[in-house]
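Right, one structure below, let's go through it.
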Amino acid sequence: MLPPALNIPKWLETNSHLLQPPVNNYCVYHPSSPATQGYTVMIVGGPNARTDYHINTTPEFFYQYKGSMLLRTVDESSTPPTFQDIPIHEGSLFLLPANTPHCPVRFKDTVGVVMEQPRKEGAVDAMRWYCRNKDCGKVVWEKRFVCTDLGTQVKQVVEEFAGDEEKRTCKACGVVARSKYEEGEVVQP
């Protein structure tokens, strides 16, 4: 028998406490469940506390349920890479192509839904931090891993980066990267 449809407002009434920094996500449909056929569906709240750019080998589907968010992306096909901010407003959808470095910036009192396709066995995700010095923009640190539990692994990598100043220091220019944006540093669209 199939489960009932998930009612987002009711789910948020009883479960919003599960949306905790740094990622603020909760997997409502986990890839380990046979019913999901490997898909991951997350409810994600704001504000989040992360500056990483996630690189996923599959496309990611974003639906902004409440408020607006900013999806920071990097186009690596140009030299130097081009940074582009994509606002996703309430009620809007966005499909991010596979292997696109992206940093989802979520603001206070916002809620979105993110769906990821099943990864191929052994597929490697990455989390990358770029230098915040606009004249540099080099990769400060990157961690690659086989993603088996998005709900816990992303948080662990963010915390690993946050807790190690050497990892946060740009080898090219010496600027220390932040693990989360300061209040007001990124303007909500």
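Every residue, even glycine, has its Cβ placed from backbone N, Cα and C.
Positions annotated as O2 binding site by Swiss-Prot, on the basis of sequence analysis: R50. Counting only residues at least six positions away in the same chain, the Cβ atoms of P22, V23, C103, V158, S179, K180 sit under 8 Å from the Cβ of R50 (O2 binding site). Secondary structure at R50 (O2 binding site), taken from DSSP and collapsed to helix, strand or coil, is coil.
Using a 10 Å Cβ-Cβ cutoff, H102 (Fe cation binding site) registers 19 neighbours. The annotation Fe cation binding site is assigned in Swiss-Prot to H54, E60, H102 on the grounds of sequence analysis.
Other Cβ atoms within 10 Å of the Cβ of E60 (Fe cation binding site), summed over all protein chains shown, number 21. Sequence annotations record features per position, and here Swiss-Prot assigns substrate binding site to E60, R106, E116 based on sequence analysis.
The annotation divalent metal cation binding site is assigned in Swiss-Prot to C131, C136, C170, C173. With a 10 A radius on its CB, C131 (divalent metal cation binding site) counts 20 other CB atoms from all the protein chains.
Among the binding-site residues listed here, namely H54, E60, E116, H54 has its C-alpha nearest to that of C173 (divalent metal cation binding site).
Listed in sequence order, the binding-site residues from R106, E116, C131, C136, C170 having a Cα within 10 Å of the Cα of E60 (Fe cation binding site) are E116. Taking the mean position of the Cβ atoms of H54, E60, H102 as the Fe cation site, the remaining same-chain residues with a Cβ inside 8 Å of that point are Y53, I55, N56, L71, L96, T100, P101, C103, P104. A separation of roughly 13 Å, to the nearest angstrom, links the Cα atoms of E116 (substrate binding site) and H54 (Fe cation binding site).
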